[in-house]
């Protein structure tokens, strides 16, 4: 039981850290002279902001500016995720349908972070985990394709800590999926029997959220392109259309819905994955608040009815 709760505790701590950062940001949105140590304040702002929102940091010390990497390096996150989670997907597929055992190092990782390998497989956990890992891999493939061929990156930057955190995140989230089932147990049911209502509901929600996320990312990219598709500007403009009519960051809201859809696909009862969802909620909420703040400060005619992250709520 202790090992089984380790991952849930780790994701809960991450969620709490981003919630704390969000609350601190709301209380003190920008470093001010005479306040807390400007170096600490500047470092905090630098660690939570990226891209266009770094304009809210003020003038950074020279040593902090040395720790920035291009925002377009976001692409690396999805390269790592496609390779790593694709690798895990292949092994889990072979274990589920070909009866093969997972490699010993994966089993060691599973034993350290998940349940004991001989514990009982309740219901359709193997198939559910396989399906969620497939959805995660497809999500990464789509985001990689969008980074390469849809998005138009400006000269924005991210902190190197954010960069390495992002790389580690996609490794950790794939490992979390793998650790939701026993490693050496197969329930022997036919695939047609394993498909349940929550698999269908989860996949439908996943497709719906993914389509909207792609549309919103395309809207953002088209703000910098001519009708012929040529990039003509790297400046920021106010987006309109699709979910942008209700919120400033619908692509972040769609990201949250995608992870909720995976929680449904796992059967709704999986506590560890709901901890992952809570992390995504506060992580994306923090980024959305910063973007919303940027739009409001830089565009006087910005629609006042728009929320930052969740329609009609926040």
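Cβ atoms here come from the backbone N, Cα and C positions, even for glycine.
Sequence-remote contacts of a segment are chain residues at least 6 beyond its ends whose Cβ falls under 8 Å from one of its Cβ atoms, and for the transmembrane segment (6-25) they are 44, 48, 113-114, 176, 179, 271-272, 275-276, 278-279, 281-283, 285-286, 289-290. As annotated by TrEMBL, transmembrane segment applies to 6-25 (among others).
Same-chain neighbours of the transmembrane segment (73-93): 100, 102-103, 106, 126, 129-130, 133-134, 136-137, 140-141, 143-144, 147-148, 153, 158, 163, 166-167, 169-171, 174-175, 177-178, counting only residues six or more beyond its ends whose CB sits under 8 Å from a CB of the stretch. Under the heading transmembrane segment, TrEMBL lists 73-93 (among others).
Per TrEMBL, the feature transmembrane segment maps to 152-171 (among others).
The transmembrane segment feature in TrEMBL is assigned to 191-209 (among others).
Summarising model confidence by region, the domain '3-oxo-5-alpha-steroid 4-dehydrogenase C-terminal' (197-314) averages a pLDDT of 96. Per TrEMBL, the feature domain '3-oxo-5-alpha-steroid 4-dehydrogenase C-terminal' maps to 197-314.
Summarising the annotation, TrEMBL assigns transmembrane segment to 256-282 (among others).
Through the fold, the transmembrane segment (256-282) approaches residues 7-8, 11-12, 14-15, 18-19, 22, 123-125, 128-129, 131-132, 135-136, 139, 173, 176-177, 179-180, 196, 198-199, 201-203, 205-206, 208-210, 213 of its own chain, all at least 6 residues removed from its boundaries and within a Cβ separation under 8 Å. Counting residues per DSSP class in helix, strand and coil order gives 74 helix, 4 strand, 40 coil for the domain '3-oxo-5-alpha-steroid 4-dehydrogenase C-terminal' (197-314).
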